[in-house]
């Protein structure tokens with residue numbers, strides 16, 4: 001999908017679901033990584049993540065466009081355009097737009113992080129940490145015993 005196709009799609013969705021024209025620019029932003037799209041308050045433009053179109057197709061892209069158009073139209077009307085505002089939530093429900101977009105497949109893989117488990121050699125108390133701990137510097141907070149890395153640190 002080209003930029004011109006995207007612009008026409010956003011204009012069509014705006015007229016179809018909101019009965020109002022979209023008079024600004026919609027573009028794909030390759031720098032977006034964790035969000036489906038964003039509405040720029042200063043310029044009134046909408047930026048969308050092309051990875052969502054490639055991963056889930058046009059249906060998911062239209063859902064993201066509807067969400068961003070809710071921000072757009074409410075902001076131009078001077079109403080509550082933020083996620084926490086009741087005007088925004090009501091309009092989302094009215095046009096059946098999602099509040100959040102689905103996570104991309106590669107995002108789900110990135111969340112599985114290593115967990116380090118340290119065990120006290122005296123009282124056997126377990127400590128779970130995301131980062132490695134210098135066992136020469138730190139001791140058990142309960143009894144002062146030496147900490148040992150358990151099972152190579154993975155769970």
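Residue numbers in this text run from 1 along the chain shown.
The backbone N, Cα and C atoms fix where each Cβ goes, glycine too.
These come from Swiss-Prot:
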type	residues	note
DOMAIN	6-148	domain 'SprT-like'
BINDING	67, 71	Zn(2+) binding site
ACT_SITE	68	active site
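The structure, with features from Swiss-Prot marked on it.
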residue: 67; record: Zn(2+) binding site; CB count, 10 Å: 24
residue: 68; record: active site; CB count, 10 Å: 23
residue: 71; record: Zn(2+) binding site; CB count, 10 Å: 22
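With DSSP classes pooled into helix, strand and coil, the tally for the domain 'SprT-like' (6-148) is 56 helix, 22 strand, 65 coil. The domain 'SprT-like' (6-148) scores a mean pLDDT of 92 in the predicted structure.
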